[in-house]
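Participant: Input: one structure, supplied below.
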(Lines of atoms letter the chains of each structure in order from A and count residues from 1; the text may use other names and numbers.)
(Lines give C-alpha, C1' and ligand atoms only; values in the text may rest on other atoms or scores of the structure.)
Protein backbone atom coordinates (compact mmCIF):
# COMPACT_ATOMS: atom_id res chain seq x y z
CA UNK A 1 0.00 0.00 0.00
CA UNK A 2 1.22 3.50 -0.84
CA UNK A 3 0.73 4.96 2.64
CA UNK A 4 1.94 8.41 1.62
CA UNK A 5 -0.65 8.62 -1.17
CA UNK A 6 -3.36 7.43 1.21
CA UNK A 7 -2.43 10.07 3.80
CA UNK A 8 -2.51 12.81 1.17
CA UNK A 9 -5.96 11.69 0.09
CA UNK A 10 -7.20 11.44 3.67
CA UNK A 11 -5.84 14.85 4.63
CA UNK A 12 -7.79 16.47 1.79
CA UNK A 13 -11.06 14.88 2.86
CA UNK A 14 -13.78 17.11 4.30
CA UNK A 15 -14.37 14.41 6.91
CA UNK A 16 -10.83 14.58 8.29
CA UNK A 17 -9.61 17.05 10.93
CA UNK A 18 -6.21 17.27 12.59
CA UNK A 19 -6.26 20.95 13.56
CA UNK A 20 -9.16 21.16 15.99
CA UNK A 21 -12.25 23.33 15.71
CA UNK A 22 -11.11 26.72 16.98
CA UNK A 23 -12.95 26.17 20.26
CA UNK A 24 -9.94 26.31 22.57
CA UNK A 25 -11.38 29.17 24.61
CA UNK A 26 -14.67 27.33 25.05
CA UNK A 27 -13.05 24.26 26.62
CA UNK A 28 -10.21 26.01 28.47
CA UNK A 29 -12.07 26.27 31.77
CA UNK A 30 -13.05 22.59 31.65
CA UNK A 31 -9.46 21.56 31.02
CA UNK A 32 -8.14 23.81 33.78
CA UNK A 33 -10.64 22.48 36.29
CA UNK A 34 -9.98 18.85 35.41
CA UNK A 35 -6.22 18.82 34.97
CA UNK A 36 -4.35 21.89 36.21
CA UNK A 37 -3.15 22.63 39.75
CA UNK A 38 -2.32 25.86 41.54
CA UNK A 39 -0.33 23.88 44.14
CA UNK A 40 1.95 22.42 41.46
CA UNK A 41 2.41 25.90 40.03
CA UNK A 42 3.48 27.17 43.46
CA UNK A 43 5.95 24.31 43.91
CA UNK A 44 7.47 25.04 40.51
CA UNK A 45 7.87 28.68 41.50
CA UNK A 46 9.60 27.56 44.71
CA UNK A 47 12.39 25.70 42.94
CA UNK A 48 10.36 22.47 42.63
CA UNK A 49 10.51 21.92 46.40
CA UNK A 50 7.72 21.80 49.00
CA UNK A 51 8.45 21.66 52.72
CA UNK A 52 5.51 20.75 54.95
CA UNK A 53 6.38 19.75 58.50
CA UNK A 54 8.55 16.65 58.41
CA UNK A 55 7.78 16.07 54.72
CA UNK A 56 9.90 17.43 51.92
CA UNK A 57 8.68 16.93 48.36
CA UNK A 58 11.08 17.36 45.45
CA UNK A 59 9.53 17.46 41.99
CA UNK A 60 11.38 16.63 38.81
CA UNK A 61 11.90 19.81 36.79
CA UNK A 62 10.05 18.33 33.81
CA UNK A 63 7.10 16.02 34.33
CA UNK A 64 3.46 15.49 33.49
CA UNK A 65 1.49 16.53 30.44
CA UNK A 66 3.60 17.13 27.35
CA UNK A 67 2.32 19.44 24.62
CA UNK A 68 1.34 16.49 22.43
CA UNK A 69 -0.87 15.12 25.20
CA UNK A 70 -2.32 18.55 25.96
CA UNK A 71 -3.14 18.94 22.27
CA UNK A 72 -4.81 15.53 22.05
CA UNK A 73 -6.93 16.01 25.16
CA UNK A 74 -7.97 19.53 24.14
CA UNK A 75 -8.97 18.28 20.68
CA UNK A 76 -11.09 15.53 22.26
CA UNK A 77 -12.90 18.11 24.41
CA UNK A 78 -13.36 20.38 21.39
CA UNK A 79 -14.76 17.45 19.43
CA UNK A 80 -17.51 16.85 21.96
CA UNK A 81 -18.31 20.58 21.99
CA UNK A 82 -18.43 20.66 18.17
CA UNK A 83 -20.52 17.48 17.93
CA UNK A 84 -22.84 17.78 20.96
CA UNK A 85 -25.26 15.00 20.00
CA UNK A 86 -23.37 12.79 17.54
CA UNK A 87 -21.93 9.42 18.46
CA UNK A 88 -18.23 9.85 19.16
CA UNK A 89 -15.84 6.91 19.26
CA UNK A 90 -12.17 6.68 20.08
CA UNK A 91 -10.04 3.86 18.71
CA UNK A 92 -8.09 3.42 21.94
CA UNK A 93 -7.29 5.28 25.14
CA UNK A 94 -6.65 8.92 24.20
CA UNK A 95 -3.53 8.72 26.39
CA UNK A 96 -2.34 6.21 28.97
CA UNK A 97 -3.97 7.78 32.00
CA UNK A 98 -7.04 6.28 33.70
CA UNK A 99 -8.49 9.56 35.01
CA UNK A 100 -8.33 11.29 31.62
CA UNK A 101 -9.99 8.36 29.88
CA UNK A 102 -12.68 8.25 32.55
CA UNK A 103 -13.43 11.93 31.93
CA UNK A 104 -13.99 11.12 28.25
CA UNK A 105 -16.39 8.34 29.19
CA UNK A 106 -18.29 10.82 31.34
CA UNK A 107 -18.59 12.96 28.20
CA UNK A 108 -20.21 9.97 26.42
CA UNK A 109 -17.18 9.26 24.26
CA UNK A 110 -17.35 5.56 23.35
CA UNK A 111 -14.29 3.31 23.27
CA UNK A 112 -13.88 0.74 20.50
CA UNK A 113 -14.08 -2.71 22.07
CA UNK A 114 -11.03 -4.91 21.65
CA UNK A 115 -10.59 -8.56 22.49
CA UNK A 116 -7.31 -10.39 22.19
CA UNK A 117 -5.76 -7.28 20.68
CA UNK A 118 -8.35 -7.20 17.86
CA UNK A 119 -10.66 -4.18 17.67
CA UNK A 120 -14.31 -4.56 16.69
CA UNK A 121 -15.32 -1.73 14.35
CA UNK A 122 -18.68 -3.30 13.46
CA UNK A 123 -20.46 -0.85 15.76
CA UNK A 124 -19.10 2.22 13.96
CA UNK A 125 -21.48 3.61 11.36
CA UNK A 126 -21.45 6.05 8.48
CA UNK A 127 -21.46 9.58 9.88
CA UNK A 128 -20.08 8.65 13.29
CA UNK A 129 -17.22 10.72 14.69
CA UNK A 130 -14.03 8.80 15.47
CA UNK A 131 -11.07 10.19 17.42
CA UNK A 132 -7.60 8.81 16.75
CA UNK A 133 -5.54 8.93 19.99
CA UNK A 134 -2.25 10.69 20.65
CA UNK A 135 -0.14 7.67 19.72
CA UNK A 136 -1.98 7.29 16.41
CA UNK A 137 -3.75 4.45 14.64
CA UNK A 138 -2.72 1.93 12.04
CA UNK A 139 -3.10 2.88 8.41
CA UNK A 140 -5.53 -0.03 8.03
CA UNK A 141 -7.78 1.44 10.74
CA UNK A 142 -7.68 4.85 9.10
CA UNK A 143 -8.56 3.33 5.73
CA UNK A 144 -11.49 1.40 7.21
CA UNK A 145 -12.90 4.46 8.97
CA UNK A 146 -12.46 6.63 5.88
CA UNK A 147 -14.23 4.12 3.65
CA UNK A 148 -17.05 3.82 6.18
CA UNK A 149 -17.75 7.54 5.93
CA UNK A 150 -16.72 8.50 9.45
CA UNK A 151 -15.62 11.95 10.54
CA UNK A 152 -12.02 11.36 11.63
CA UNK A 153 -10.49 13.59 14.30
CA UNK A 154 -6.76 12.91 14.30
CA UNK A 155 -5.00 13.83 17.55
CA UNK A 156 -1.81 11.92 16.69
CA UNK A 157 1.22 13.59 18.24
CA UNK A 158 3.37 15.25 15.55
CA UNK A 159 6.41 13.46 17.00
CA UNK A 160 4.73 10.14 16.26
CA UNK A 161 3.90 11.31 12.73
CA UNK A 162 7.59 12.16 12.32
CA UNK A 163 8.48 8.53 12.98
CA UNK A 164 5.93 7.45 10.36
CA UNK A 165 7.65 9.71 7.83
CA UNK A 166 10.97 8.12 8.77
CA UNK A 167 9.87 4.53 8.18
CA UNK A 168 8.20 5.60 4.94
CA UNK A 169 11.59 6.95 3.82
CA UNK A 170 13.11 3.60 4.69
CA UNK A 171 10.45 1.86 2.63
CA UNK A 172 10.92 4.16 -0.36
CA UNK A 173 14.68 3.54 -0.35
CA UNK A 174 14.20 -0.21 0.22
CA UNK A 175 15.69 -0.26 3.71
CA UNK A 176 14.35 -2.46 6.50
CA UNK A 177 13.10 -0.45 9.47
CA UNK A 178 14.54 -1.54 12.81
CA UNK A 179 11.97 -0.17 15.27
CA UNK A 180 13.03 0.17 18.90
CA UNK A 181 9.74 -0.34 20.71
CA UNK A 182 7.25 -2.67 22.34
CA UNK A 183 5.61 -4.96 19.80
CA UNK A 184 2.07 -4.65 21.19
CA UNK A 185 2.22 -0.95 22.06
CA UNK A 186 -0.32 1.06 20.07
CA UNK A 187 2.30 3.48 18.78
CA UNK A 188 4.58 0.72 17.51
CA UNK A 189 1.63 -1.05 15.87
CA UNK A 190 0.79 2.19 14.08
CA UNK A 191 4.39 2.88 13.07
CA UNK A 192 4.95 -0.61 11.70
CA UNK A 193 1.80 -0.27 9.57
CA UNK A 194 3.46 2.61 7.71
CA UNK A 195 6.71 0.69 7.25
CA UNK A 196 7.59 -1.72 4.49
CA UNK A 197 9.88 -4.43 5.78
CA UNK A 198 10.42 -4.06 9.52
CA UNK A 199 11.72 -5.72 12.67
CA UNK A 200 10.84 -4.58 16.19
CA UNK A 201 13.47 -4.88 18.94
CA UNK A 202 12.51 -4.34 22.56
CA UNK A 203 15.90 -3.50 24.02
CA UNK A 204 19.65 -3.59 23.56
CA UNK A 205 19.78 -7.35 24.21
CA UNK A 206 17.41 -8.06 21.31
CA UNK A 207 19.27 -5.58 19.12
CA UNK A 208 22.51 -7.44 19.89
CA UNK A 209 20.92 -10.71 18.74
CA UNK A 210 20.07 -9.06 15.43
CA UNK A 211 23.55 -7.59 15.10
CA UNK A 212 25.11 -10.99 15.80
CA UNK A 213 22.96 -12.59 13.12
CA UNK A 214 24.01 -9.96 10.60
CA UNK A 215 27.63 -10.87 11.31
CA UNK A 216 26.97 -14.57 10.79
CA UNK A 217 26.56 -15.54 14.43
CA UNK A 218 23.19 -17.13 15.00
CA UNK A 219 20.76 -19.81 13.92
CA UNK A 220 18.03 -18.86 11.43
CA UNK A 221 15.34 -21.04 13.02
CA UNK A 222 16.07 -19.69 16.50
CA UNK A 223 16.09 -16.13 15.15
CA UNK A 224 12.72 -16.50 13.45
CA UNK A 225 11.21 -18.12 16.53
CA UNK A 226 12.40 -15.22 18.69
CA UNK A 227 11.10 -12.50 16.34
CA UNK A 228 8.12 -14.29 14.75
CA UNK A 229 5.62 -11.76 16.13
CA UNK A 230 7.92 -8.76 15.77
CA UNK A 231 8.49 -8.57 12.04
CA UNK A 232 6.73 -7.88 8.77
CA UNK A 233 5.10 -10.65 6.74
CA UNK A 234 7.50 -12.96 4.90
CA UNK A 235 10.49 -11.48 6.72
CA UNK A 236 13.74 -13.10 5.59
CA UNK A 237 16.67 -12.29 7.90
CA UNK A 238 19.19 -13.39 5.29
CA UNK A 239 17.86 -10.87 2.76
CA UNK A 240 16.16 -8.20 4.86
CA UNK A 241 19.03 -7.32 7.21
CA UNK A 242 21.37 -6.05 4.50
CA UNK A 243 20.04 -2.46 4.45
CA UNK A 244 18.82 -1.00 7.74
CA UNK A 245 17.21 2.18 8.98
CA UNK A 246 16.59 2.83 12.67
CA UNK A 247 13.46 4.39 14.16
CA UNK A 248 11.81 4.16 17.56
CA UNK A 249 8.67 4.31 19.61
CA UNK A 250 8.90 7.90 20.85
CA UNK A 251 8.51 6.99 24.52
CA UNK A 252 11.42 4.56 24.77
CA UNK A 253 14.48 5.28 26.89
CA UNK A 254 16.54 7.80 24.93
CA UNK A 255 19.94 6.44 25.91
CA UNK A 256 18.98 2.92 24.84
CA UNK A 257 17.61 4.08 21.48
CA UNK A 258 20.86 5.94 20.83
CA UNK A 259 22.95 2.92 21.80
CA UNK A 260 20.89 0.68 19.52
CA UNK A 261 21.49 3.11 16.66
CA UNK A 262 25.23 3.08 17.34
CA UNK A 263 25.23 -0.71 17.58
CA UNK A 264 23.71 -1.14 14.12
CA UNK A 265 25.96 1.52 12.65
CA UNK A 266 29.03 -0.33 14.00
CA UNK A 267 27.62 -3.63 12.80
CA UNK A 268 27.03 -2.44 9.24
CA UNK A 269 30.40 -0.67 9.22
CA UNK A 270 32.10 -3.90 10.25
CA UNK A 271 30.28 -5.93 7.60
CA UNK A 272 30.36 -3.53 4.65
CA UNK A 273 33.19 -1.08 5.41
CA UNK A 274 33.20 2.74 5.56
CA UNK A 275 32.84 3.34 1.81
CA UNK A 276 29.66 1.24 1.55
CA UNK A 277 28.18 2.18 4.94
CA UNK A 278 25.69 4.76 3.65
CA UNK A 279 24.28 2.19 1.24
CA UNK A 280 23.46 -0.11 4.15
CA UNK A 281 22.60 2.11 7.11
CA UNK A 282 20.29 5.09 7.69
CA UNK A 283 19.81 6.84 11.01
CA UNK A 284 17.21 9.46 11.91
CA UNK A 285 16.62 11.10 15.27
CA UNK A 286 13.04 10.22 16.17
CA UNK A 287 13.36 10.71 19.93
CA UNK A 288 10.57 12.92 21.29
CA UNK A 289 11.78 16.16 22.91
CA UNK A 290 9.29 15.85 25.77
CA UNK A 291 10.33 12.27 26.50
CA UNK A 292 13.97 13.32 26.52
CA UNK A 293 13.29 16.28 28.83
CA UNK A 294 11.45 14.11 31.35
CA UNK A 295 14.15 11.47 31.35
CA UNK A 296 16.90 14.06 31.82
CA UNK A 297 14.91 15.66 34.66
CA UNK A 298 14.57 12.24 36.26
CA UNK A 299 18.32 11.65 36.06
CA UNK A 300 18.79 14.97 37.89
CA UNK A 301 16.16 14.11 40.49
CA UNK A 302 17.71 10.76 41.40
CA UNK A 303 20.98 12.57 42.12
CA UNK A 304 19.20 14.37 44.99
CA UNK A 305 19.25 12.91 48.52
CA UNK A 306 15.88 11.11 48.60
CA UNK A 307 14.35 8.57 50.95
CA UNK A 308 12.00 7.30 48.27
CA UNK A 309 10.51 8.21 44.93
CA UNK A 310 6.94 8.08 43.61
CA UNK A 311 6.41 7.73 39.86
CA UNK A 312 2.86 8.55 38.74
CA UNK A 313 1.36 7.35 35.49
CA UNK A 314 -0.68 4.65 33.81
CA UNK A 315 0.66 1.14 34.30
CA UNK A 316 0.53 0.70 30.51
CA UNK A 317 2.41 3.96 29.93
CA UNK A 318 5.76 3.27 28.28
CA UNK A 319 7.34 6.62 29.13
CA UNK A 320 6.31 6.27 32.80
CA UNK A 321 7.80 2.79 32.99
CA UNK A 322 11.13 4.11 31.73
CA UNK A 323 11.13 6.80 34.44
CA UNK A 324 10.71 4.00 36.96
CA UNK A 325 13.65 2.16 35.38
CA UNK A 326 15.87 5.19 35.98
CA UNK A 327 15.00 5.19 39.69
CA UNK A 328 15.69 1.47 39.95
CA UNK A 329 19.04 1.87 38.20
CA UNK A 330 20.12 4.19 41.03
CA UNK A 331 18.92 1.85 43.78
CA UNK A 332 16.27 4.26 45.09
CA UNK A 333 13.12 2.91 46.76
CA UNK A 334 10.51 3.75 44.17
CA UNK A 335 6.79 3.20 43.76
CA UNK A 336 4.90 3.32 40.46
CA UNK A 337 1.24 4.22 40.99
CA UNK A 338 -1.45 5.21 38.52
CA UNK A 339 -3.85 7.09 40.79
CA UNK A 340 -3.68 8.85 44.19
CA UNK A 341 -6.08 6.25 45.58
CA UNK A 342 -3.23 3.74 45.57
CA UNK A 343 -1.96 5.49 48.72
CA UNK A 344 -3.90 4.31 51.76
CA UNK A 345 -4.78 6.26 54.89
CA UNK A 346 -2.90 3.61 56.92
CA UNK A 347 0.47 4.49 55.34
CA UNK A 348 0.24 1.70 52.79
CA UNK A 349 0.82 1.98 49.06
CA UNK A 350 -0.41 -0.30 46.29
CA UNK A 351 2.15 -0.05 43.54
CA UNK A 352 3.46 -1.94 40.53
CA UNK A 353 7.07 -3.09 40.76
CA UNK A 354 8.74 -3.20 37.35
CA UNK A 355 7.59 -6.25 35.42
CA UNK A 356 5.51 -7.58 38.33
CA UNK A 357 1.92 -7.57 39.56
CA UNK A 358 0.43 -5.00 41.91
CA UNK A 359 1.84 -5.20 45.42
CA UNK A 360 0.76 -3.58 48.68
CA UNK A 361 3.57 -2.29 50.89
CA UNK A 362 2.84 -1.27 54.47
CA UNK A 363 4.50 1.62 56.29
CA UNK A 364 6.09 2.89 53.09
CA UNK A 365 6.74 6.35 54.58
CA UNK A 366 9.42 6.17 57.30
CA UNK A 367 9.13 7.96 60.63
CA UNK A 368 10.82 11.32 61.12
CA UNK A 369 11.92 13.67 58.38
CA UNK A 370 11.33 12.23 54.94
CA UNK A 371 12.32 13.47 51.49
CA UNK A 372 10.13 12.19 48.66
CA UNK A 373 10.94 12.67 45.00
CA UNK A 374 8.00 12.82 42.62
CA UNK A 375 7.74 12.63 38.87
CA UNK A 376 4.98 11.69 36.47
CA UNK A 377 4.61 10.44 32.94
CA UNK A 378 3.69 12.60 29.97
CA UNK A 379 0.05 11.51 30.25
CA UNK A 380 -0.43 12.47 33.91
CA UNK A 381 -2.27 15.73 34.74
CA UNK A 382 -0.89 18.11 37.37
CA UNK A 383 -4.15 17.70 39.29
CA UNK A 384 -3.35 14.01 39.85
CA UNK A 385 0.15 14.89 41.09
CA UNK A 386 -1.40 17.42 43.47
CA UNK A 387 -3.70 14.78 44.94
CA UNK A 388 -0.73 12.44 45.48
CA UNK A 389 1.15 15.20 47.30
CA UNK A 390 -1.91 15.93 49.43
CA UNK A 391 -2.06 12.26 50.41
CA UNK A 392 1.59 12.43 51.52
CA UNK A 393 0.92 15.62 53.49
CA UNK A 394 -2.02 13.98 55.27
CA UNK A 395 0.05 10.92 56.18
CA UNK A 396 2.91 12.98 57.63
CA UNK A 397 0.76 15.50 59.50
CA UNK A 398 -0.60 13.16 62.16
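Note: Cβ is positioned from N, Cα and C throughout, glycine not excepted.
The model shown is predicted, which means the values in this text are computed figures rather than measured ones.
So Swiss-Prot says this about it:
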type	residues	note
BINDING	66, 157, 288	[4Fe-4S] cluster binding site
BINDING	96, 185, 317, 318, 319, 379	isopentenyl diphosphate binding site
BINDING	96, 185, 250, 317, 318, 319, 379	(2E)-4-hydroxy-3-methylbut-2-enyl diphosphate binding site
BINDING	96, 185, 317, 318, 319, 379	dimethylallyl diphosphate binding site
ACT_SITE	187	active site, proton donor
Participant: Whole-number Å distance between the CA of residue 317 (isopentenyl diphosphate binding site) and the CA of residue 157 ([4Fe-4S] cluster binding site)?
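Facilitator: Cα of residue 317 (isopentenyl diphosphate binding site) to Cα of residue 157 ([4Fe-4S] cluster binding site) measures 15 Å after rounding.
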Participant: When the Cα of residue 288 ([4Fe-4S] cluster binding site) is compared with the Cα of each of the binding-site residues 96, 250, 318, which one is closest?
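Facilitator: Nearest candidate: 250.
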Participant: Mind giving me a neighbour count for residue 317 (isopentenyl diphosphate binding site)? Other Cβ atoms within 10 Å of its Cβ, every protein chain shown.
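Facilitator: Other Cβ atoms within 10 Å of residue 317 (isopentenyl diphosphate binding site): 26.
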Participant: Enter the number of other CB atoms within 10 angstroms of the CB of residue 185 (isopentenyl diphosphate binding site).
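Facilitator: Excluding its own Cβ, the number within 10 Å is 19.
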Participant: Provide the three-state secondary structure of residue 319 (isopentenyl diphosphate binding site) computed with DSSP.
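Facilitator: Looking at the DSSP assignment, residue 319 (isopentenyl diphosphate binding site) belongs to a helix.
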Participant: Of 66, 96, 185, 379, which binding-site residues come within 10 Å of residue 250 ((2E)-4-hydroxy-3-methylbut-2-enyl diphosphate binding site), going by C-alpha to C-alpha distance?
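Facilitator: Near residue 250 ((2E)-4-hydroxy-3-methylbut-2-enyl diphosphate binding site) by Cα: none of them.
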Participant: Among 96, 185, 317, 318, 319, 379, listed as contacts of dimethylallyl diphosphate, what is the widest Cα spread in Å, to the nearest whole number?
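Facilitator: It comes out at 15 Å between the most distant Cα atoms.
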Participant: Using the recorded dimethylallyl diphosphate site (96, 185, 317, 318, 319, 379) as reference, state which further residues of the same chain have their Cβ within 8 Å of the centre of those residues' Cβ atoms, listed in sequence order.
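Facilitator: Here the non-site neighbours turn out to be 95, 135, 251, 313, 314, 316, 320, 321, 377, 378.
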